[in-house]
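What follows is a single structure, written as structure tokens, with notes after it.
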Amino acid sequence: MVKPVVGQCRATTYNIPAQDFTYGVKSDKSGESAGQVVSSWNVSKQSKAQTTMQSFPATNREALSKGLLTAKEQRVYAKENPVMKAKPTGSSSPKKKPFFGKQGQTYGISSEKNPTGMMNLVMSAPDDGPERDYPVYSQATKGKLPLPRPTKSSKLAAMAVMPKEEKGGEFKMKKFMNVKAKVVMG
């Protein structure tokens, strides 16, 4: 057990190597210079850009116009008479425009128009309108639609299942049931 000494760092429990010790594997320098390495790199050759390509829809249309209706006849015609079209420049698929959402909506929720003007908001003028509560979104679960509102038929079906309450008179204790009035109206 190593005991701590006041005012000094705690001594290690294992032997530490000397200052000139190098951790890891030593790598020896090779005889090749950096210039020789760069000049001997194998660079891949890019394939030439395709200028024309076969248009299968156009070939099929042309085969249909010649009266070839079966798939076999169209395949033979496509091999013998391919319709070549120039490859479109740029990307093969048209670039999609970024989706900015609907105007006046944030995350699919449309914001209400504020009746108070911008100048009054900046000047912190008091609002004459009634005080409104913020909409409550605490019950909303992300990705879940709210339950549908009950219909007339579902309300009637729920009422039919519920037991009917029989209306009885007001509750009176037995000793107060047959008490006669002391004040006579007259």
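Using N, Cα and C of the backbone, Cβ positions are placed for all residues, glycine too.
According to TrEMBL, the protein has these features:
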- 36-58: compositional bias 'Polar residues' (COMPBIAS)
- 27-60: region 'Disordered' (REGION)
- 79-153: region 'Disordered' (REGION)
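Helix, strand and coil counts from DSSP across the region 'Disordered' (79-153) read 9 helix, 7 strand, 59 coil. Sorting the compositional bias 'Polar residues' (36-58) by DSSP state (H, G, I as helix; E, B as strand; all else coil) yields 7 helix, 3 strand, 13 coil. Away from its own ends, the compositional bias 'Polar residues' (36-58) comes close to residues 78, 82-87 of its chain (Cβ-Cβ under 8 Å, at least six residues beyond either end).
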